[in-house]
């Protein structure tokens, strides 16, 4: 079967410069790389063709020979390279772009590669809902969290008591192996030890070689007074157990404060809308409000109070987290219009309306006068 034209393989013209070649190679190598197409023979074949084409065309001498003689330039030892031969990494190859293209795909470079050593346990998340009263006073909550803990039979080794894990013979304990892919040397997780660097011939009967078991733990969580909705509490070392002696992860408690029936919160301040009767608003009066600390606070309503009027109860809001300060409670007045009037009530209101003057309702009287003047000019 005749070889495909190198320029066609990379999808570039015969006048393509080095930048165009490199760009085309990056795109195709990422698309057909074996790590992204496991067990795909066609992709592997295409990947090798791309490598060979780029290796040839990026080298000025090889490209000149190819342009003149085609594939024949590299047959029977011509040019001392081509295919799987002389070029490669020894001549710079494409190691200059290897890490750039595949570094992230391979786990982000050497710093991220498993060495078969200690491995930190995973962090855990626990969602907790509390009441506004609990956020006000603070509390100690008991929670139960399913998590992975170190096996108490094998002490986390994964091996049956009296035995020890052995260094993996395939990767020599590194957890990684290298395999040739065309001009590339590709690093993968060791298929024998699955990245652990160790093998266990006689696994622990309780954890089955994992070194960890799943259990439900009871934990005490301290919720300070003044905590806000959406706050995250970190319990260090209370996440999943580490592997092979690695440190445990952390447990994060995500708090949500349940909406309250009467109070709305804004930072450390509380707001409460209180409906009062029309007569109380007109004549004045008092009412009591029960605050979150359980005490009652009396609010005095002056006569002539209008809808939306706010009264401030200083220091009756929420405590400020880790502070001696406290917010305020704001009472907003809502005037309730009477409904289902009796005949006598209706008569009295009609009589009241007849006795009313502009001074009794300055806002409404002034509003309609201003509107009339505005539109009538």
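Residue 1 is the first one shown; counting continues down the chain.
Backbone N, Cα and C atoms are what each Cβ position is placed from, and that goes for glycine too.
Here Swiss-Prot flags 5-70 as domain 'J', drawing on sequence analysis. What Swiss-Prot lists as zinc finger is 138-216. For 151-158, 168-175, 190-197, 204-211, the entry in Swiss-Prot reads repeat 'CXXCXGXG motif'. Swiss-Prot lists 168, 171, 190, 193 with the feature Zn(2+) 2 binding site.
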For residue 193 (Zn(2+) 2 binding site), the number of other Cβ atoms found within 10 Å of its own Cβ: 25
Of 168, 171 (the binding-site residues), the residue whose Cβ has the fewest other Cβ atoms within 10 Å: 168
Integer mean pLDDT for the repeat 'CXXCXGXG motif' (168-175): 87
